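Input: one structure, supplied below.
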Amino acid sequence: MILSIESSCDDTSLAVMEIDSKKLLFHKKISQEIEHSVYGGVVPELASRLHAKALPKILEETKEYFPNLKAVAVTNAPGLSVTLQEGVMMAKALSIALNIPLIGVNHLVGHIYSLFIEKEEIKPMMVLLVSGGHTKILNFNGIESVCEIATTMDDSFGESFDKVAKMLGLGYPGGPVIENLAKKGSDIVPLPLPLRNSPEIAFSYSGIKNAVRLAIESGKYKPEDIAASFQNKAIEHLTFMCKRAIKKHKPENFAIVGGASANLKLREEFEKLSQKFGFKLLYPEMKFTSDNAAMIARAAVEMYKKGMFLNYKDIKIIPRVDFDKCH
């Protein structure tokens, strides 16, 4: 069994998974959304204090598994350094106390493994990762083989939703509130499609965001129409760039992972792409789209099999990570 810890942002989560069967034996998550919503975004110091409070409470519920643990896994990159620290400190303590190896998991790779909870890996696969501050197209061919096809030049998909929600005076996180408001509106606000005439495969959301700001300031449009127009254009930009990547790399399998993969409009548009290009489309179960320790445990199972262990003295917190570019 592996015990995993996730504390990279504003979700505190622990999981226990069987190594051979990949069966999820325990999974619990405490979200901090309510506490941060009053500030319109995540406050790192507050998040850190809330993790420090929640982690021991959840750990208490996992004690029955301690005698059978073969390793402890923890998200150590990327994320907020003060929140990553909370999870890493607990993982180190468990590694020493139980005399078991430590596995440091890249949170973004963890999101890919959210597809495979209680399932076998599917590879090779092209992956659209839309999680928090990240919007990337990746090529996945196993735990040791993830490379980057494209990334964002400025804001991520998720950040742009949060910022537009803030401009409209809506709550945090922006994804669900924009998605719900958009259902009541019409796509009538003219917004630019970024990088339309650029040959590269990349993302950019600053232009759409600025156009939304000008539309709000003009006073001509209802909030629901702005939300609908923004969401449609933001998703169109994703599909436009993914289409370029799909034409170039011709994947048999294509997955969408990360918090924004819960967006139903986004799923709908990629279903259309799947039918057009003939690839198999995958996304995680809804409960595993946002940050969770189950996906960290699932990635750690593959790392355990390959002996990818760290000494408790050597584990480092890495707030930012870059993948190698695909050749």
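Including glycine, each Cβ sits where the backbone N, Cα and C put it.
Per Swiss-Prot, Fe cation binding site is recorded for His107, His111, Asp291, and the stated evidence type is sequence analysis. Taken from Swiss-Prot, the feature substrate binding site covers Leu129, Val130, Ser131, Gly132, Gly133, Asp162, Gly175, Asn263.
Surface or core, plus neighbours and distances: that's what I need for these features.
Classification of Asp291 (Fe cation binding site) by DSSP places it in coil, neither helical nor stranded. Within the same chain, residues at least six positions away from Asp291 (Fe cation binding site) with a Cβ under 8 Å of its Cβ are Glu6, Ser8, Cys9, Asp10, Asp11, Ser13, Lys29, His107, Ser131, Gly259.
Asp162 (substrate binding site) is surrounded by 23 other CB atoms, counting those within 10 A of its CB over all protein chains shown. According to DSSP, Asp162 (substrate binding site) sits within a helical segment.
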Which entry in the list of binding-site residues, His107, His111, has its Cβ near the fewest other Cβ atoms, using 10 Å as the limit?
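Relative to the other binding-site residues in His107, His111, His107 has the fewest Cβ atoms within 10 Å.
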Would you kindly give the Cα-Cα distance separating His111 (Fe cation binding site) and Gly133 (substrate binding site), rounded to the nearest Å?
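A Cα-Cα distance of 13 Å.
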How big is the gap, in Å, between the Cα of Leu129 (substrate binding site) and that of His111 (Fe cation binding site), rounded to a whole number?
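Approximately 8 Å lies between the Cα of Leu129 (substrate binding site) and that of His111 (Fe cation binding site).
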What count of other C-beta atoms do you get within 10 angstroms of the C-beta of Leu129 (substrate binding site), across all chains shown?
27
What subset of the binding-site residues Gly132, Asp162, Gly175, Asn263 lies within 10 angstroms of His111 (Fe cation binding site), using C-alpha positions?
none
